[in-house]
Ligand SMILES: Cc1cc2nc3c(=O)[nH]c(=O)nc-3n(C[C@H](O)[C@H](O)[C@H](O)COP(=O)(O)OP(=O)(O)OC[C@H]3O[C@@H](n4cnc5c(N)ncnc54)[C@H](O)[C@@H]3O)c2cc1C
Ligand SMILES: NC(=O)c1ccc[n+]([C@@H]2O[C@H](COP(=O)([O-])OP(=O)(O)OC[C@H]3O[C@@H](n4cnc5c(N)ncnc54)[C@H](O)[C@@H]3O)[C@@H](O)[C@H]2O)c1
């Protein structure tokens, strides 16, 4: 057994752990980084990166098939295995950024073993016992596979295996209509599969319903079957495929099955009892600074911290904990300014409060400013007129924004900036945006907030009439 003493021991080399390691080591801390599986974690290997790469292949197929602007579309010859080569190629291109070599170059001691606490200040990983001043739990999550009768005997995919499938599924049934289910549904449909999504409640149910409805309408128009209120209660193999049955007795037949019903946090095999780290099924119990409430040497970041499950959140968490760990400065994690996007076509993006949340929290003080894509000149010129932006405003400041439409994930960023820095609507309205860009949609939404104040205000008219006399 080798004993190692270090300043910081990070468990997990995914989005969160790597961000902590890179920052801490480059600022002079001694860092040990444990990774039991693949460097880069979920995002690089089974999550964001492969899903966006597969969506890009689907997008190309779709664009090829559409007739527009005087250019005739034609049926694409989609080579499914080649699309998967593209997915692997993208992973391999990005992988060096997350690699053991790169982190060793920063001076990080990388150990390729799973770690678990053996005491409040010791973690064991293979033959190593690491004693550290501080520990960071960055162990992420894995697909939750629910105990649906039959599922244990019927072959099925999760996000950890679907990207290895090289033969196009004839009919993919997806259990779960969250972001994973919807992104994978559109990618597969556009690459030539029949797709049925079975959602127990409401598809894209965490998002604004008006915005989600626009995405669902487009997906259905592309031929994806989306069945809501369809809680799957049984799965069985048929001679040639699978049959999925819902609680109300409806049956759905397909050739392949993808389970996308949420995540299970990787905290169960961490020896958290031995480490005196309080936790629940929802993650490590942390205070506002992401520090364990029971063992003050321990921090948690990313999915393991039990909040929003996004790569940029894991990266943000890393920045939050580096302040106290390296400089002894206080820091608190905010959630009100965190954006997210679902990369279907059209994209769906949110930051801060949805309209319903803002109404509940702020009541009559809430004003909602809107602007539709179909009044934006660039959207008209490029045929991307579906969608809208709406901004939830309280006392002149945005508290949330929803965008559905082309490049919503890019367009939401200005509202993320505004909310993070508590800017007023006037900051966005006063910005000069290049013409013609989709980004003008945001400026026009801010303008829509001020329009009634300027154009329907009798005082403004009186002042203008008065000034005109001189
Ligand atoms: C299909 C899919 C698509 C997604 N798309 C997006 C997207 O577009 N945008 C976005 O922001 N987010 C997306 N996400 C979410 C994103 O991938 C996660 O939120 C993010 O990866 C979380 O980072 P993390 O560092 O907490 O965990 P992870 O990236 O999961 O990393 C945890 C690492 O810890 C390792 N580990 C676990 N236990 C131990 C142990 N005991 N010892 C040592 N190592 C251990 C694991 O092997 C893993 O490498 C997607 C997720 C999925 C599944
Ligand atoms: N673009 C992105 O940023 C992106 C993309 C994919 C995933 N993610 C992250 O990964 C997380 C997990 O995504 P997800 O889609 O797996 O989970 P999710 O929890 O968002 O959605 C799962 C859906 O499955 C449904 N469900 C559960 N059990 C069911 C059953 N038996 N039958 C039918 N439906 C059932 C739920 O009602 C829910 O709507 C997301 O919350 C998100 O944080 C992000």
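A Cβ is built for glycine as well, from the same backbone N, Cα and C atoms used for every other residue.
Copied over from TrEMBL, here are the features:
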type     : residues                    : note
DOMAIN   : 7-317                       : domain 'FAD/NAD(P)-binding'
DISULFID : 43-48                       : disulfide bond
BINDING  : 52, 115, 139, 140, 141, 303 : FAD binding site
DOMAIN   : 338-445                     : domain 'Pyridine nucleotide-disulphide oxidoreductase dimerisation'
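Annotated features, which come from TrEMBL, shown on the structure.
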residue : record           : Cβ contacts under 8 Å, 6 or more apart
43      : disulfide bond   : 14, 15, 49, 311
48      : disulfide bond   : 42, 311
52      : FAD binding site : 90, 343
115     : FAD binding site : 9, 11, 34, 36, 123, 124, 125, 130, 270
139     : FAD binding site : 11, 12, 14, 265, 266, 267, 270, 304
140     : FAD binding site : 12, 14, 15, 16, 41, 42, 265, 266, 302, 303, 304, 314
141     : FAD binding site : 42, 263, 264, 265, 266, 303, 304, 309
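In the three-state DSSP scheme, residue 303 (FAD binding site) falls into the helix class. Residues 52, 115, 139, 140, 141, 303 are listed as the FAD binders, and the farthest two of them sit 30 Å apart at their Cα atoms. Residue 139 (FAD binding site) carries neither a helix nor a strand DSSP state and counts as coil. Using a 10 Å radius centred on the Cβ of residue 303 (FAD binding site) and all shown protein chains, the other Cβ atoms total 31.
Note on the domain 'FAD/NAD(P)-binding' (7-317): its mean pLDDT in the predicted model is 97. For the recorded site, residue 115 (FAD binding site), the DSSP three-state label reads strand.
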